[in-house]
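Visitor: One structure coming up, written as C-alpha cells, with questions to follow.
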Amino acid sequence: MENEWIISDNSLEEKDLLKNESLFNVSNGYLGVRGNFEEKYPENYKTIRGTYINAFYEDAPIQYGEKAYAFPETMQKIVNVTDSQDIDIIINNEKFSVFQGTIKAFNRYVDIKKGCYIREIQWVSPLGKELKIKITRMASLKYLELFVINYEIEKVNFDEDIIIESSINGNVANFTDENDPRVGSDHAKILSVKSITAEKEVMQIVSETANSKNIVAVTTRHRCDAYNELSVKNTEKSAVAIVRIATGSKIINFTKYNVYTDSRRHENVESFGFEIAEKLSSIPFEKLRETQEEYLNKFWSLADINIVGDEKLHQGLKYNLYQLLQAVGKEEKSNITAKGLSGEGYEGHYFWDTEIYILPFFTLCYPELAKGLLRYRYNILDGARERAIEMGHKKGAAYPWRTIIGKECSSYFPAGTAQYHINGDIAYSYVQYYLATGDFDFVKEFGAEVIFETARIWLEIGHFDKDLFKIDAVTGPDEYTAIVNNNYYTNVMAKYNLKWAVKFYNELKGKDEKILESLSNKIGITEEEVKNFENAYINMYLPYNEELKINAQDDTFLSKAVWDFENTPKENYPLLLNYHPLTIYRYQVLKQADTVLAHFLVEDEADFSTIKNSYDYYEKLTTHDSSLSCAAYSIMASKVGYPSLAYKYFIETARLDLDDTHGNTKDGIHTANMGGTWMSIVYGFAGLRIKEDYISLSPKLPDIWNELSFGFSYKGNHIKVYMKKDKTVIVSEGNSLIVLKLNKTLYEITGDKKLEIVN
C-alpha cells in the first residue's frame, strides 16, 4: 500500500534526476529551491540548479523581426538567484558523492505532512570510510525568507576528522532551451554580484539584475553541535564556510540557515538579511521542523481530501495540493507562476491559470490566501488600464496575458494579447470569491472596481450587429484557433462579467452609496454606462449550430476541415512544436477545453442537451496538448454521464507530474493542472457548484472508490462532506444558515449540524 504522505524516487539516472529536481522542490510561495543534490552531480550530467524568488524579475528587451504598434517592448523573466545549496563532506581528501564509492542504502523522498525533502544515505568511500547521512531541507512556511538544510552524519567505521565545506555561489545563470518556446530561450546570465561578505560566522552575497536593478541578498549562518574550528572566506563570486569536526565526534548535527531578502519587499536587503539570519539561526532545526508541521496540520485540516479504494491516485492528489500551497504567493506582490517555484518554464509568468484552475481551491479551502491572489490583480489594475489605452481603448482595463509585475510579456499576440477572455476570467474569480465567502466588504474595497473596469473592455472591443452584441478578433482558451469572431467562451465570460458589474452597481447603490460615489469620482462609472453593460449582456451573441445542436466554438470553426488525427504520428504531439501555427489554425483541432470549459464555468447559459452534444463533438477534436485540458473534460464527463471517461481524464491530472506524462516536468511542475485535480474531484465526482443563493452537490463516485470525503469553507462555515455509494453525509461547523441542494432537493442546515441523505 502506498504511503499517502510520502513521495519517493531513488533513481540516480540522469533523466530521472532532472525530473526529480522539480518534484522534490521545497518552496513556500516566496522562495523556491529545486531538489538538487548539495554535493552536485558528475560534471557530464545535465542539471537545472535553481533557486527562485516569486515576482523577483529581470527586464529584457523583446526582439522582433517585424514590429507593429503596441507590441510589448520588454518582458519580465524570473531570475535564478544565488545558490545556497552547496555542501561537501570531506574525509581525508575524499568527497562524499553518491556517484562514487559504494551505496549500501539510499532513500530520497518528500514528506508532505511534515513539509520536508529528505535524503537518507549509507555510503562507503572508495577508501572504505563508511557514513550514514540524513539530509533534510525545507523552505519555511512561517519564516518565508528562510531556506534551511540539516545534516545528521554518523561515522560508522572510522574516527578521523570530517571537514564540511558549505558555500553560497553568486555565479548563477538561467536555464535556456531554444527548441521549446515554453521555456526561456535567451538572457541566461542576468544577475551580477555586487558584494560579498565573509566574516566571523556569517556569509552574504548581494547581487543585482542588469536592467530592472532589482537586488537580492542571501545571508548564511551555520549551527553545528560538534566542531572545533569554523572559518569563512570568499572568492570573486562565492563565499565558503569551512567546518572541521573534532576527532571523536561520532554523530554530527549540522544546520545551514540561508536567508533571502530582495529589494521588491525589503528596504535594505543587506542589513535586513544580517538581522533576520542572526535571529533565525538561533532557532534549533528541530523547532523549525515542528513549526513547519504545525502549519501543515492546519492546512490539511482545511484542505485534505480522502479517497478510499484508490491509494495511488489518492497520493497524487495530496501531492498536488501540497505543491499548490508551496507555490501560492503569500503576499500581494506575487501570484502563482505556471510552474510554481520549481523551475523556469514559462519564465515565471502568471496567466489566467490562477483564476480558473487554482483560485477555486484556495477560495473554498483557504480564503485568506485567495484574497491575496485577488489583491495582486487589484494591485496591477493601473497597469491594465494603461495597457487598454495603449491598445486603443478609451476606457477599461486590459489585463496582460502573461506577466510578473503587470506589464504584458507576450510577444505572440494571436495566442497572447488576443486572449481578452483573461479579463472575464479575473472578474469571474472575484464573483466566485464573493459567492463563497459573502465578503461584500472586499467587493466594496477591491472587487467592484476590477469588475467595472473589466466590464468596460467588452464595450470597447464589442459592437452591436442589428440586435446582437458581438465580439470580434479574439482568441479563446484553445490556442490552436486564433483571432476569431465570437468565440463562445469569450462571449459567455464577457456576459457574466457585464451581468455582475450591473449587479454590484445596483447593490452598492442600495447598500453603500458613499462607496459608489467614491468609485464614480475615481473611475467615472455612471448610471448610463451601467445601462449599456446591461444592454450588452442581455443581447450577447452566443454562437449555436442548429444542425449539430451545439454551441459553436466561434463563427468559423465548424466550417473548417477536421484535423487528420488518424495519420498524425504520436511523436508529432504537441502540435505546436511540430507544425506552423497557420497550419494548425486551418483545422478543427483543439489544444485544450474551450467551449466545454465555458459550459462548466457558466453552465446555466446552455441546456443539458446542448452541453452534452458539445462535449461529444469537441472531445474527439481535442489533443490535450495543454496540461489545463484534462480537468475540464473530467468535470464535464461527470456532468454529462460518462463516468469512465471522467475517471480516465482524472487519472491524467492526478499524476501528470509524478509520472511525467507530458515529458517536461524537468522544467517545473504544472500548477494549473494540480488545481484541476482538486476541481475534477470536488466539481466533477462530487458535483459541487456555488450558486448565488445556495450550494449544490450531485455525487457521481467512480466505481473503484468506496468513499470520498473533503471539506470546504462557505460563508464562514466549514463544511465536511462524506460520500459513499449509498449515502451522503454533510457536517456543518459554524453559525451561518446553509442552503444546500443535493440531487435536486433543497435542504437547510443551521449552525453546527449533521445531515445524512440516502443517494
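Using N, Cα and C of the backbone, Cβ positions are placed for all residues, glycine too.
Sharing the feature lines straight out of TrEMBL:
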DOMAIN    11-264  domain 'Glycoside hydrolase family 65 N-terminal'
DOMAIN    318-679  domain 'Glycoside hydrolase family 65 central catalytic'
BINDING   W352, D353, K591, Q592  substrate binding site
ACT_SITE  E479  active site, proton donor
DOMAIN    688-734  domain 'Glycoside hydrolase family 65 C-terminal'
Visitor: What's the CA to CA span in angstrom from Q592 (substrate binding site) over to E479 (active site, proton donor)?
Guide: 8
Visitor: Please find, for W352, D353, K591, Q592 as listed binding substrate, the greatest distance between any two Cα atoms, in Å.
Guide: 16
Visitor: Could you give the mean pLDDT over the domain 'Glycoside hydrolase family 65 N-terminal' (11-264), rounded to a whole number?
Guide: 92
Visitor: Whole-number Å only: compute the distance from the Cα of D353 (substrate binding site) to the Cα of the residue listed as 'active site, proton donor'.
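Guide: Pair distance, Cα basis, whole Å: 14 Å.
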Visitor: Quick one: give me the count of other CB atoms within 10 A of the CB of D353 (substrate binding site).
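Guide: If we count other Cβ atoms within 10 Å of D353 (substrate binding site), we arrive at 26.
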Visitor: Does W352 (substrate binding site) have same-chain partners at least 6 apart in sequence with Cβ under 8 Å from its own Cβ, and which are they?
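Guide: Correct list: W401, Q419, H421, I422, D425, I426, P477.
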Visitor: Using the Cβ center of W352, D353, K591, Q592 as the substrate site position, which other residues in that chain lie within 8 Å, going by their Cβ?
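Guide: After dropping the recorded site residues, what remains is F351, I356, P477, E479, S626, L628, S629, A672.
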Visitor: Per DSSP, what is the helix/strand/coil residue tally across the domain 'Glycoside hydrolase family 65 C-terminal' (688-734)?
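Guide: Per-class counts: 0 helix, 28 strand, 19 coil.
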Visitor: To the nearest whole angstrom, state the Cα distance for the pair K591 (substrate binding site) and E479 (active site, proton donor).
Guide: 6
